[in-house]
Structure formats: structure tokens, C-alpha cells
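Colleague: Structure incoming, see below.
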Amino acid sequence: MNSPLAPVGVFDSGVGGLTVARAIIDQLPDEDIVYVGDTGNGPYGPLTIPEIRAHALAIGDDLVGRGVKALVIACNSASSACLRDARERYQVPVVEVILPAVRRAVAATRNGRIGVIGTRATITSHAYQDAFAAARDTEITAVACPRFVDFVELGVTSGRQVLGLAQGYLEPLQRAEVDTLVLGCTHYPLLSGLIQLAMGENVTLVSSAEETAKEVVRVLTEIDLLRPHDAPPATRIFEATGDPEAFTKLAARFLGPVLGGVQPVHPSRIH
């Protein structure tokens, strides 16, 4: 039986999942968080589905083995690659980033034309397209935007170069006259201002990070595992499988003062 005092485990291929962690902290400030950024193997977008699945399940095994009460796959590529395996493998609730965003997009659209942008792995997996299949009267246009992650990981979230890239990527969505756009990668909220500028103010942007945090609230409430308000102050642990110093510098853009030190993960612990 899981304890309400146990932490919530969150992982991503790098720093993008910190947008999810930030949203969870905002909505559930009393919860302990353990976050693992797999910067030693990520970004996952260019990898094959079997490679992504292997890396993601190794981190999931580590977090579940450490006693988390819920596991959040804060990565669209990993969600599309290993969600079914994770839910069969673990005895704790597994929350992913795709379905929460799909539900919000269906509720938000006015003309039924919805766009999805993500990594090449996410778009070619058809995870979003399949998730939208149950929604009536929707027309989905999905576009891979692989270089967005590179810019975010470099800390470049504005400027002429990335705006030009965005305009090129998003042109098919404008032609399709989408009125709602799912940011199908947890890195992309850091580009939301630029994406909104390229798409126009009448297009609603749906952040998978915000919707996933709402799903974590719903799941923990449903199974009565919310951390009590009178519990000791929340602790947040951030770990990286790659260079912790580089992770810390970039992660500060996502979390600001909430971010403490980042601990390295020894390769022998996750394999």
C-alpha cells in the first residue's frame, strides 16, 4: 500500500519535463517530487521506439523501486513508446502526457480542426492521431518540429532564427486552418510565445504540461494519496543522468527559484 507521504516520480529525456514538474508543484505545492532527466541518453526524439522504451523503462524501474506513489512520464516520445508496458509493469498509477492534452484540445476547438506538433518520434508513432480517433468531427494535422528541442536545450527561445524555423514548421497548420494547437512536446511551452506569434492570437495553444498536472491531481485525489497539508515541508529532488551542471543552468529557466541542486545519477543505478 502506497503512502500519501511518498513522492511523485517524474521523468523526461531531459529538461522539457520540468514544465510538467513546475505545473505539478504549482497545483500540488505540498507534494514531494523526484525528477530524473535522462540527459545522458536524450533527447529521445531522434531515437527508435525500442531505444526510447528501453531508456524510459530503466528510469521507471529506478523510480518505482525507490517507492514513488505515482509515476509521471513527462515526455511525449516516451509516453508514445512505452505507456502500455509501464502500466502493465508497475503497481503504481502511471500518468502520461498525451491523453490529458487530447481531452483539452477536443474541448477547446471551435471548428474541429486541431493541430499537433511534436518530435519526429511522437508524430511518426501516431500516438496523438490514434488518441484523437475517438473524437467525432475532428480533423487532425500533425507536424514534426524536431529542431525546436535543440533550441530549447540550448536556451534559445526567441529571436529571428527560431521564429523563421517556427514559421516554416507551422505553415501546414495555418493552411489547414487549425484553431487549436497541441504542444506535443514538454519542451515546447518555453516556445509558446513565439508559436503563438507565428500562429496568430485566434489559435488556442494546449500545453500537455498543464493538462498532465491536472491529471496527477485527479489521480491522487481518486486514490486518496494526496499528501496532507500538515505534513512536513515538501522536498524536491532533481537528478540528471548526464552533466548535472549543464542541467542545472538550463533547468533554472523552467523552475526558477524552486530548483535546488541537481544530483548526478550514476550509470550503474539505471541500466
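Any Cβ shown, glycine's included, is placed from N, Cα and C.
Remember, it's a predicted structure, so these values are computed and weren't measured experimentally.
What Swiss-Prot shows for this protein is this:
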BINDING   D12, S13, Y44, G45, N76, S77, T186, H187  substrate binding site
ACT_SITE  C75  active site, proton donor/acceptor
ACT_SITE  C185  active site, proton donor/acceptor
Colleague: Which whole number of Å gives the largest C-alpha distance between any two of D12, S13, Y44, G45, N76, S77, T186, H187, the residues noted as binding substrate?
Modeller: 12
Colleague: When DSSP states are folded down to helix, strand and coil, where does S77 (substrate binding site) land?
Modeller: helix
Colleague: Tell me, how many other CB atoms lie within 10 A of the CB of N76 (substrate binding site), whichever protein chain they belong to?
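Modeller: By my count, 35.
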Colleague: Name the secondary structure element type, per DSSP in three states, that contains D12 (substrate binding site).
Modeller: strand
Colleague: How far is it from S13 (substrate binding site) to C185 (active site, proton donor/acceptor), counting Cα to Cα, in Å?
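Modeller: About 11 Å separate the Cα atoms of these two residues.
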Colleague: Taking the center of the Cβ atoms of D12, S13, Y44, G45, N76, S77, T186, H187 at the recorded substrate site, which other residues in this chain have a Cβ no more than 8 Å from that point?
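Modeller: Filtered neighbour residues, in order: G14, G16, G17, G42, P43, C75, A78, T119, T122, V149, C185.
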